[in-house]
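Q: One structure follows; several queries about it will come next.
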């Protein structure tokens with residue numbers, strides 16, 4: 001199986017998020033592009049029309065080991081959401097993510113935040129933690145933390161190690177937006193009508209992986225049935241396996257035959273028949 005085949009297995013929105021993060025973060029790492037060119041500076045956006053800064057500010061994840069850690073969290077949490085909560089609804093996930101990003105941008109402008117990757121990551125972390133509160137998350141592979149507390153542990157780390165109150169305040173906006181997202185979409189029965197993707201988003205984003213097919217065979221109380229060889233149906237029961245024969249009888253494994261009246265799958269009702277010459 002080729003690399004492209006493996007890449008296509010990733011849901012479309014998660015694939016875009018990870019691809020954009022790599023595309024924006026790697027050039028500054030290699031010193032091909034100045035970091036200043038991708039920061040969000042409101043004056044340059046509004047006065048000089050450098051609108052790309054809005055996009056790049058959400059996908060620059062820094063460098064070093066912290067980038068690898070954050071990138072893996074981005075992939076794991078987004079992939080989990082898209083393959084479970086938004087299965088076959090990737091366009092809704094993309095639309096709600098776009099709304100959340102707009103809210104993050106508005107909340108971070110008063111804070112003079114130049115990058116929005118961390119708040120976006122915190123939003124996804126919070127949503128995942130609320131939907132899977134009993135899951136266990138490993139911090140750097142060393143400390144096991146219940147998922148419901150993980151966003152707040154990351155918030156404390158941003159305060160202590162990431163730049164003090166300003167960095168923590170920026171990350172807190174991610175938790176605020178994540179909580180609003182969770183309340184509006186996952187607490188309201190049926191979700192908010194504003195969370196349904198418009199037609200133009202559906203035309204750009206594929207629905208993603210189809211739901212798994214239903215199990216084959218008919219499920220009866222206490223067992224399952226499946227087509228066997230020779231047109232016979234095998235039914236697994238608590239007391240053994242029974243085989244439904246073509247003539248309508250039920251043949252127990254190693255036992256006798258109990259005759260019942262059935263209609264063959266062809267749709268015809270056959271008579272008892274007569275021997276040749278009678």
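A Cβ is built for glycine as well, from the same backbone N, Cα and C atoms used for every other residue.
Bear in mind that TrEMBL entries carry predicted annotations, made automatically and left uncurated.
Reproduced below are the annotations present in TrEMBL:
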- 217-227: compositional bias 'Low complexity' (COMPBIAS)
- 242-267: compositional bias 'Low complexity' (COMPBIAS)
- 205-278: region 'Disordered' (REGION)
- 20-39: transmembrane segment (TRANSMEM)
- 51-73: transmembrane segment (TRANSMEM)
- 93-115: transmembrane segment (TRANSMEM)
- 136-161: transmembrane segment (TRANSMEM)
Q: Check the transmembrane segment (51-73) against each of 20-39, 93-115, 136-161 and return whichever range has the most CB pairs under 8 Å.
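A: Comparing 20-39, 93-115, 136-161 against the transmembrane segment (51-73), the winner is 20-39.
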Q: What else in the chain is close to the transmembrane segment (20-39), if you only count residues 6 or more beyond its ends and a Cβ gap under 8 Å?
A: 52-53, 55-63, 67, 71, 74, 114-115, 117
